[in-house]
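Data first, discussion second: the structure below is written as structure tokens.
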Amino acid sequence: MKKSFLLLPLSLVVLSACTSNFPAPISDADGNFSPSVIQSVNGSNVGGAWQPEIQKNSLPTTGNMVTPQQNFQPINQQPTMPTAPAQPAFQPSPKTVVSAPTVQTKTVTKTVADCVDGQHINIPRNPNTNAPDYSKISKGSYKGNTYKVNKGDTMFLIAYLAGIDVKELAALNNLSEPYNLSLGQVLKISNCDIKTVTTTVSVKQPAVTASTATPVKPAVTYTPGANGTQIGSDGTIIGPIKSEAGTSPSVPVATSSTQVTSSVNNANSTPINSNVVAPIASNVVWQWPTSGNIIQGFSSTDGGNKGIDISGSRGQAVKAAAAGRIVYAGNALRGYGNLIIIKHNDDFLSAYAHNDKILVADQQEVKAGQDIAKMGSSGTNTVKLHFEIRYKGKSVDPVRYLPRH
């Protein structure tokens, strides 16, 4: 009980010290006292409650803010470019077009007849008799394909203008003597120049598809085999093969993969001149009109031989070179002697001159190889046959149509 009374005064002293207006001194770790950092909010409010004053410091701005650096090691790595997703490889279907259509050119050479449908011509005439003045007319000056008969024209005049014989003109128009002409009548002349025309044309090649493309076969190589044979890489065997007794030797047959090239030496073959104009295609089957040697060949020059001369003996048979109809048989044309003209079709005529005797008549149908005359020397000084082939009224080389001996 005494202890309780003793402690009571001590407690009051402590309480009175805590409620004083002055803060208690604070001692630091060294035991030195220092005034308190807590100050009143308002100096006049001495009696108010004490609150600690929070000193406001402005935060640094973003620009002045120091960012702590992180410690890292740079990695040497090349930048990678973004790549597109891989596309699947294109595989063409069997019908897919592999190549586009192409255009190629090729050279075409053909023999054509250069004809003029009609031609206006002034014929110099005698003012008194209206007869043609041949001294002022050039033979063959008319180049038309047809001719319209004018007043005073004769068959001789028209043939002279066209540069052909009267009988040929009559044969072309199916006329017979005495050749009566009417004003305005149109005669077929067929005075065409035969020439070779070379042109270049474009050929469009179709597109090649996988389904239509033809695979290229590998080249066939050969190795020596037994008995002189050659064994091909494709299994074919060529060369001599010894046959067994009682059997026939097999004949090698060329397959599609083997190309057989043969060289034939013909002592009688005649070299072909590449500069000679190719013959015009003919549906007439020709044969030699007689046997013998050619003593004078064809010439296309002015004044040249318009056919071939074949030697022979008097009375030797002269035959029709092809089937046709006799359109002239006589000796009215000077320089030809006994002459026969055969019309084979609308394009081709053949002529047989200098005959000793004529065995056929005008308008007679003859067969190829039929005897039509006997060889002679009429109109010339030697026994021979002068033979001509005419295409559309123009002389062509008979040798290029006749079969080789």
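Just so you know, glycine gets a Cβ as well, placed from its N, Cα and C.
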Where Swiss-Prot places region 'Disordered' among the ranges 37-58, 81-102, 213-234, 367-388: 81-102
Outside the domain 'LysM' (145-189), six or more residues from its ends: residues with CB under 8 Å to it: 115-118, 121, 123, 125, 130-132, 134, 137, 139, 327-328, 330, 332-333, 339, 341, 343, 349, 362-363, 390, 393
Tally of DSSP helical, extended and coil residues in the domain 'LysM' (145-189): 15 helix, 6 strand, 24 coil
